[in-house]
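Here's the structure we're looking at; comments come further down.
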């Protein structure tokens with residue numbers, strides 16, 4: 001079941017990561033589309049002013065045309081040509097920035113723009129007059145990371161008198177590029193996408209929450225199944241002893257009549273009835289029966305009757321009624337005694353006493369003993385002591401597990417000491433109040 005949960009969590013984690021990746025990719029593409037739409041809107045608005053801007057800032061004035069003619073004829077070197085063009089740009093920066101800000105003031109777009117002359121070619125001869133970009137006009141805010149670039153060509157022509165008194169057309173083809181950057185583009189886009197982003201996050205949180213609830217339900221169901229298994233195991237284990245005792249008593253009665261056998265049968269029948277009641281705890285009273293001083297001897301007598309070949313020694317120093325569940329105390333005594341018998345004991349000593357508001361139970365035997373490395377595991381569920389890595393003793397490995405649970409329920413302690421081929425001793429101390 002644990003492996004199944006781990007596999008389920010692993011599959012979900014993989015699918016959740018994929019879902020997060022899809023959501024991130026979706027938001028990224030949506031962001032880029034929205035960003036592109038904003039830039040298209042900016043360019044569309046500036047296009048309305050394009051011709052006016054080119055004319056106003058010198059690109060189509062006769063002075064610029066004359067610069068090209070003089071530059072081609074060699075009357076002006078490249079340095080002078082660039083200086084004159086840049087001078088026009090510097091003169092227009094302030095007014096151009098003011099114009100751009102006024103256009104996008106309502107939208108609160110922080111737009112920067114630069115219009116560059118990339119190259120100029122004199123078409124009649126194919127000569128390139130300008131091979132390095134030069135800025136024609138720009139805003140005060142510099143374009144550092146353009147979000148959009150538009151390129152195009154611009155042709156200009158004029159006529160001039162030739163030496164032979166003929167006129168000749170001067171045609172120039174200029175390659176231009178316009179660079180756009182919106183400094184607050186992220187805030188603009190996120191302002192429009194915040195609802196979508198929150199929805200995506202909520203969807204991821206909802207999926208994660210549903211999965212966590214599902215896992216919690218599975219864990220609760222697993223615990224309920226484990227509790228059910230424990231109850232079934234407990235009942236099955238507890239049924240074994242009274243049934244075995246009743247079988248022996250039945251065989252004894254068949255051979256000869258013995259009045260002492262009848263109380264034993266009554267006790268075992270009563271124990272079976274109590275075990276059945278455990279299956280209906282919700283329908284019965286929560287009050288636990290107390291245990292009388294003589295009950296301890298009955299426990300040992302019953303187990304001794306079941307194993308007549310074993311020498312049981314019983315010492316009791318209990319002289320008062322104690323506030324413990326009788327059935328649970330019987331489970332402790334009988335499980336520990338049966339454990340001794342299973343592992344080769346021929347003599348089992350049971351010592352019960354009460355002192356300083358503590359019940360003390362000590363059970364020792366002369367059995368095979370328990371290896372030191374196994375002492376820490378004997379109280380685990382389904383654990384059985386191994387000999388040469390072979391389980392050679394019958395049982396489910398539940399007896400000591402139930403003893404440990406009962407002692408823990410009463411906030412007691414249990415200690416075990418053992419020597420190989422010499423025997424094992426269990427010491428239990430349980431506090432109580434009168």
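Each Cβ is built from the backbone N, Cα and C atoms, and glycine gets one as well.
Checking TrEMBL for transmembrane segment across the ranges 6-28, 29-51 points to 6-28.
Per TrEMBL, the listed range annotated as region 'Disordered' is 148-167 (candidates: 108-127, 128-147, 148-167, 168-187).
Of the given residue ranges 53-72, 73-92, 193-212, TrEMBL assigns the label transmembrane segment to 193-212.
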